[in-house]
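Below is one structure; the comments refer to it alone.
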């Protein structure tokens, strides 16, 4: 056939030369990037040590039971607070964020109470009224009325004011609501004077409005939870349908790749077209209905999302989004119609490879299991670390006492030497945290926990990519397919990856993890800078976030191809990444023509499966299928199971198509290597199948015509 190599070979690196002994993935290989392997093992040992330390100091019961300022749990059986399930904050204003409340970090005295306050009272007025007995239940345990008003408030024995509150997550939050445009505390009839007097609550707005936002979020969460309890069975059925459709789609690709691809394209266009039609019909139906012309901006955020479906603007937005997506897909199909024909041949070859290595379709389950372990360990460690803080008490004194601001123990302070040296001193709650080295290192430990999660998760994904690449490379480099295909190619590739290339996988995962943890830190800093009015800082932060996002995408692309070269040649990470990058650059036209077009086709396949299952779930949960109209469960928000089915269907479809995607990428790199090593003659025959030979002839013909 002669040498058909393009003229641009040699511009990026040295092409591979003919090697008569090369028959695919090298079996006689050595360990690579051993130093990174050692670093990974040491990091895992350190990660386990952090987990043990966190489990020793942390107490996950704080997630369930709130704790008072002395670290005692509210409502837990067998304790003195068993009948006091709610946590009461003396000064809710100091809790500037609901997140602070949920993390038990509010810097104000806290006690366990039987029930939250239901009336507005001040300590000064309550002391001289019959409500004082009611008021004293919200003072510190053992409170005795033997001090003046100023001393009681100074020592933090009682709150200065009681606000009508509602329990949320076993914590008392002010019940603030709007009445005729005026912020009100609780019900008007529960106020101190009983005449519906409006109180000045300006000092409560900062903390209480946010707390009420959490109350609404909690109500939304409860309704969503109720929907899951009555619809989980049907959600599982929907996910099973998505799995069956994905598996059927993969099997049909094995035998009818060309037909299936075109059917997939047509079905995606039709599904989007139906979505546009349905949005238009809903938009037309709402014309003239009262309240349907209210804009989304004027309506604002509503916890009941069904409200938005009664607005014409909502359906107009849906219709515009789907129309734009439809136009983009149609334009891409028009401009890529010839390249799609070429990509179909590559998909056919990938279908054959997957057919001969069918167990590869089950490997995503291994990856999923390992990722679940990583997520579980990270989440549990994060919970234990976040619940490691303790209440810190310090000595306060209005006079010039030398012991002021030193830590103390409230139980032993009255009889201590400090109390005798400073008679007017008092041991008061200061903040949550701790002054030990462990507590000062908590933030660093949380960052290390997140970093190790990224590193291990990326390592698991890299292991899957190398394993699949090794199996599919064994198929490609078998001269007589499938007779020369080795036994158990997937298990052999998995063993080689763990035995020889743990260090290389750790190296690639480490680079990606560093970029990802930097992105997390940038997001954190961006949240902190949102309140600032420094436009330069905001612009700089936006640019940094964009740059690191692009860098992460590039590293993922480079790592993926480097892992393929590792699976084939057994070289270290840097060498593999360089060879893969130069190989792609030497064939940049083919990369653009074939590789990305197949990615686009796989995306359409995912959209077809997700769209089909999503439409079926929509009609079922909205009681629009007459045959099973009475079977669908009653729901607060029908979008809850629908979105769950859609997201779950996408993850399932992505799991199946990720195997195909790795197969295509591996075969593509092997195809490019084959072109450089061999020329198709009897002495140097191609390893590619007849399908790929036809693909080669088509691309060469197009290059000659151009």
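We count from 1, first residue shown onward.
Every residue, even glycine, has its Cβ placed from backbone N, Cα and C.
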Q. What range among 562-585, 658-681, 682-705 does TrEMBL record as transmembrane segment?
A. 562-585
Q.
Can the transmembrane segment (562-585) be said to touch the transmembrane segment (452-479) if we require at least 3 CB pairs below 8 Å and skip pairs under 6 apart in sequence?
A. yes
(Q) Any contact between the transmembrane segment (34-55) and the transmembrane segment (597-621)? By contact I mean 3+ C-beta pairs closer than 8 Å, pairs at least 6 apart along the chain. (A) no
Q) How about the transmembrane segment (597-621) and the transmembrane segment (356-379): at least 3 CB pairs under 8 Å, pairs 6 or more apart in sequence, or not? A) no
(Q) Should anything in the same chain at least six residues away from the transmembrane segment (315-336) have a Cβ under 8 Å from its Cβ atoms, list it; otherwise answer none. (A) 265, 268-269, 272-273, 275-276, 279-280, 282-283, 286, 296, 309, 597, 600, 604
